[in-house]
């Protein structure tokens, strides 16, 4: 991801456009206590780092009484260090934690809850954010973090190719039936026959309908499909439950695209599908929104839409990842002014103006006010903005690793045709639950 | 640290100056290393052992002693640890068995070729040594691309030369080892080759001259002069290469991510998963000790065998 920093003039215009949203909040985030210094630990070490540093510089200039000193280090290092930092009473004042780690740290007591009163005083209004995104950092009815960055699984589609096979390039599929029809029309063999015609040769494809593949990114299509069909990854006791009838039916549809409908290539890899989509051989490429930059630079004629409801009709859903500002648990006697100041910092950084600046890193908006900004009016990514409220992270249970690793393995086995879908998912759930049973002992 | 030194018993031509009875000096020389050794080796091992015997989490208020529970898991069929620890340990062993002979033989072969005064010798030495300076991620991505199921160079070449259908290297159990082993050989061959080149330079030419006077064939000179003279280096190369192979981690992580179905997952990757993805530190520590013990036994056996050969050779 190489992105130029957001041009200053545009920021100014954007701030003016956001004026109505930002004005009433500005009064809420004041800090009148003595001068404090806050330590801030985050994992934005790539091209997003200068954007974060410029935001912090701006904050420090705006709030002379609060000086934030930021440290950027790889996420993995933070996950390893945070427990010992908290245990020894030397935790940073503010730490950014990602969606797949946060519930674990919350359940282990590394993060302190944000009370309703604190959020109110700081002017952090939950309702302003996309609901599931804010709830990513919730656990047992309490909030533990404020989202500042977000990525999601989307569906890229090739407008030229869709037009060529007789599909409306401005109406990407939304339902399972529309999706299947589109995929079939896009799948054309070297003699020009498509997947619905007699004599179609699936072994010699010229173009095909959809990219599916076997790594963890590929598995996120199955994750979306399960949620769309009303399934879930875990049950109410937080045991793995991705082998429910809804889940099996949803994943079966995806596997059938490969094995029965032949509108997706078998045995494929993310790289191969990415190359094929870039070369105009695939109509629909579901993947992370982080590829946007790449396709834009390539000057492809493509669109971006929310993942169609391939899994079922229960609801819209796609996988998403996010980063949340959290306040780690501090030793007894921790300066209350620091916590107040930290909340002001969290509030400021999650404001629409700052979030708009942050989208220059490739992040999705965290709130409707930012998504509505005129900057995005003609941007391809705008195609997913109508359903950002349906982006679901893997969180809410402390053992995300124990659930997602077996799930990814199950998808791999099903996609490669090594196991029938039901068996692959059953095996995955059984492995996950054995590991959860062990992990549970740590929380007693 | 007080030590009494016995007075020298042998009398030499010039009587030695009387030494101080207690000398701290040798220990001062040892001190810097000893401090680092205790701090970064002995203490972590001890702490690791403590972790493996307790239900350990820095954030939890209590860290109850559980004795051998986490060790028992590894030996109790049906637990994820028993299933995956032994599977991934076998994967790692398999990789070592396959890659070490190739790495040693190919390095020796190359060294023999490049030891001769051929044109461009330095260039070729550099060519074979160069891949070793790449990081494992660069090397891994390169070989993943070479063997990609759909767009890899290997499948493209098969198609162009023989019109052969593509082989799904990365998603077929067994075949997924090919890019890992081939990539590792390409990546690490140069180091062993350099060791052999240095050793070949030290074989006295007079031995070959004497042999040729006695009418020895080139094969006989190689078998009865080169091989025995290189034996100490061969021992070193085999032991270090085997240990390095047992530490397989990055290559399979980047090339196949351990797949398909954990068939190329290395034991270290699994231990890392247990520790840092599943947050089961104690279990990971216990597996680390079992794996460490396994390697210790393996290395000791190898050393005994090889040392005997070196002596006898």
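Cβ coordinates are placed from backbone N, Cα and C, and glycine is handled just like the others.
Going by TrEMBL, these are the annotated features:
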- B:27-50: transmembrane segment (TRANSMEM)
- B:89-302: domain 'ABC transmembrane type-1' (DOMAIN)
- B:94-114: transmembrane segment (TRANSMEM)
- B:126-146: transmembrane segment (TRANSMEM)
- B:176-203: transmembrane segment (TRANSMEM)
- B:224-249: transmembrane segment (TRANSMEM)
- B:281-301: transmembrane segment (TRANSMEM)
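Tertiary proximity for the transmembrane segment (B:281-301) is limited to same-chain residues at least six positions away from its ends with a CB under 8 Å from its CB atoms, namely 48-49, 51-57, 66, 70-71, 73-74, 81, 85, 89, 239, 242-243, 246, 267-268, 270-272, 274-275. A Cβ distance under 8 Å defines the sequence-distant neighbours of the transmembrane segment (B:94-114), meaning residues of its chain 6+ beyond its ends; these are 121, 124-125, 128, 177, 180-181, 184-185, 188-189, 192-193, 195-197, 200, 226, 230, 234, 237-238, 241-242, 245-246, 248, 252, 266. Beyond the transmembrane segment (B:126-146), the same-chain residues lying 6 or more positions past its ends with a Cβ under 8 Å from any Cβ of the stretch are 110, 114, 152-154, 170, 179-180, 182-183, 186-191, 193-194, 249-251, 253-256. If you look at the transmembrane segment (B:176-203), the same-chain residues 6 or more away from its ends with a CB under 8 A from one of its CBs are 94-95, 98-99, 102-104, 106-108, 110-112, 114-115, 125, 128-132, 134, 136, 139-140, 142-144, 146-147, 169-170, 225-226, 229-230, 232-233, 236-237, 241, 244-245, 248, 251-252, 255-256, 259-260, 263-264.
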